[in-house]
Each structure stands twice: as C-alpha cells, then as structure tokens.
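Trainee: To start, I am sharing the structure in question, which I have written as structure tokens.
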Amino acid sequence: MSHSVKIYDTCIGCTQCVRACPTDVLEMIPWDGCKAKQIASAPRTEDCVGCKRCESACPTDFLSVRVSLWHETTRSMGLGY
C-alpha cells in the first residue's frame, strides 16, 4: 500500500532520510535552495511501507520529510469508519 510522502523546503540535503529508507522510496535530486545543492525527492511512493524511518532520521528541527499513512489520511478527511 502506498503512503503520501512529502518533502519540504527545510531539507538540508544531508541524505539521512534516503539512507534510512528500507524500500528506496527516496532519492536526492539537484536543488539550489540549500547549501548541499540537493534535496530529497520521493519518486517511488508506491513502495512506501509507512515505517517512517525517514522521519526519524531527519536532523532538522522541523521534519523535512513527512509520511502520511493511508489510514491517517482517510481519518483526517472524515472517510474512516
């Protein structure tokens, strides 16, 4: 089951989230918005298992990577039973 994976512009390009992901959902892409000149990207969200290891690995104060599990998303939209 895929989950929503959002990357925010607070990403510092450290690659911690990419290395933490057991299913290779994340990768780094070029970006001029930070010192590292790269930012995390999530091109394979269909492979996300929702473990949130990427969130745990993120060293920024405001998590740059956020995973929304399917059941959390439907509940927040009032679609859960």
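Here the Cβ of each residue, glycine as well, is placed from N, Cα and C on the backbone.
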Trainee: Taking Swiss-Prot at its word that CYS11, CYS14, CYS17 bind [4Fe-4S] cluster 1, choose the one of CYS51, CYS58 listed for that site.
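Mentor: Same [4Fe-4S] cluster 1 site in Swiss-Prot: CYS58.
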Trainee: Which single residue out of CYS21, CYS34 does Swiss-Prot record at the [4Fe-4S] cluster 2 site shared with CYS48, CYS51, CYS54?
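Mentor: Swiss-Prot lists CYS48, CYS51, CYS54 binding [4Fe-4S] cluster 2, and from CYS21, CYS34 it also lists CYS21.
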Trainee: Please identify, among the binding-site residues CYS21, CYS48, CYS51, the one with the smallest Cα-Cα distance to CYS58 ([4Fe-4S] cluster 1 binding site).
Mentor: CYS21
Trainee: Over the domain '4Fe-4S ferredoxin-type 1' (2-31), what does the predicted model average in pLDDT?
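Mentor: Reported value for the domain '4Fe-4S ferredoxin-type 1' (2-31) is a mean pLDDT of 90.
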Trainee: To the nearest whole angstrom, what is the C-alpha distance linking CYS17 ([4Fe-4S] cluster 1 binding site) and CYS48 ([4Fe-4S] cluster 2 binding site)?
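Mentor: Checking the Cα atoms of CYS17 ([4Fe-4S] cluster 1 binding site) and CYS48 ([4Fe-4S] cluster 2 binding site) gives a distance of 13 Å.
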Trainee: Enumerate the residues of the same chain, CYS21, CYS48, CYS51, CYS54 excluded, that satisfy the criterion Cβ within 8 A of the mean position of the Cβ atoms of the recorded [4Fe-4S] cluster 2 site; list them in sequence order.
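Mentor: For the [4Fe-4S] cluster 2 site, the extra neighbours are VAL5, CYS17, ALA20, PRO22, THR23, VAL25, LEU26, VAL49, GLY50, LYS52, ARG53, VAL67.
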